[in-house]
Amino acid sequence: MTLTSEQLDNIRLIMYIICPLSLCFNLSLIYCVVTIKFLNKTINHLQMCLAICEGTLSVLWILGNNVITGPLQTQITGAIFQFCLNASVGWNFVISLYCFLTVQKNLKRANWYYNWYHIYCWTFATSVTVLVFVFEAIWDRGYAFGDATFEIWISGSYSELRIWLYYFPLWLHFIGTLGIYVYIFRKTYTVEYEVNRAGGIQTVGAGTSGYMSTGGLQSNGAVSSGLGSEMVQTVSVEAVNPSAILTSAVTAGTSVVHSTNYAFLDRSSFFERQSSPSDSAASPRTGPATMKHQTKKLVYRSCFITASFFICWTPATVGRIMTLIDPNAIIPFWLYAWIAFGFSISGLINPLVFYATWYSHILGHFE
């Protein structure tokens, strides 16, 4: 189905309304991370990189495919779009990977890989962008970048590259991210289960040996067997906050490693430093009800991110596969509209999760 001029204008109206909103949210995220001191944390830096990519995509979707017309400008714009599109995929995955490393290892180890996160994302995005030009030279079907219905991207002459150099890596990264969500939830659920079995939590004082005062939850007992030996060490006491595990479209992680008690710290203190025994002694009591509440918040966030992904990218994937199989395939107008809507709101997920996590701290900063 070829869209009429009126239909295309109606679809573009969706993007003209939502994309500026997405751009504003991403710019505000960048501003908050750069200017507010307590947000100067690794996880927020990763989300800021994602916001830069998604903000750029919002600008390019606003420009569409009828503003830039020159061959050279079209190639440059298409390459930038391809680069940012895949970089956003990489950053979404890396944010969840950061959470995984925090849970599996510890916060210090997760932060240690900071430069590698950048190397992976920028190298991945550069590679798939360069490959477009490589296939352009090999296949010689004309310019690789051109009109892609809603934007300047890989042209219809190279439609298979849209699948192999974007949608395939997109879904591959999503499967990995989903697996990480499941792993994090299982770890958090295990902690909750052990807390419930012990009948509650009592904070360990600075002068204790590191054992829980509730008998069944000891560093060499139930927790050690349930979470693995790497999860429990008596040499340090660190807080757990499952509600902060997912801060993006990724997520933000909190550590359930090196835990001999499960007292909670607020998000800012968790990311700012590791707790000391004296910190732990001052922490409030935390019971099974609180753990259950935090786990529910974790599940809600992971479900929100997963559902958002399907809403944003499933229609576009289906549409691209249809045109790849049959270039003359009839794509209904409603699917085109859904694709445009999915593109537009994709840049809102990361800022929404960011503000859901930090809004109280940000409001307090400006008060």
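First residue shown is number 1, and so on along the chain.
A Cβ is built for glycine as well, from the same backbone N, Cα and C atoms used for every other residue.
Copied over from TrEMBL, here are the features:
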- 11-191: domain 'G-protein coupled receptors family 2 profile 2' (DOMAIN)
- 13-34: transmembrane segment (TRANSMEM)
- 46-64: transmembrane segment (TRANSMEM)
- 76-101: transmembrane segment (TRANSMEM)
- 113-135: transmembrane segment (TRANSMEM)
- 163-184: transmembrane segment (TRANSMEM)
- 298-316: transmembrane segment (TRANSMEM)
- 336-358: transmembrane segment (TRANSMEM)
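Here the domain 'G-protein coupled receptors family 2 profile 2' (11-191) returns a mean pLDDT of 93 for the predicted model. The stretches the transmembrane segment (13-34) and the transmembrane segment (336-358) are in mutual contact, each linked to the other by at least three Cβ pairs under 8 Å (pairs 6 or more apart in sequence).
Sequence-distant contacts of the transmembrane segment (336-358) (same chain, at least 6 residues past either end, Cβ-Cβ under 8 Å): 1, 3, 7, 10-12, 14-15, 17-19, 21-23, 25-26, 28-29, 32, 39, 44, 47, 50-51, 54-55, 57-58, 61, 92, 149-150, 244, 246-252, 267, 301, 304-305, 308-309, 311-316, 319.
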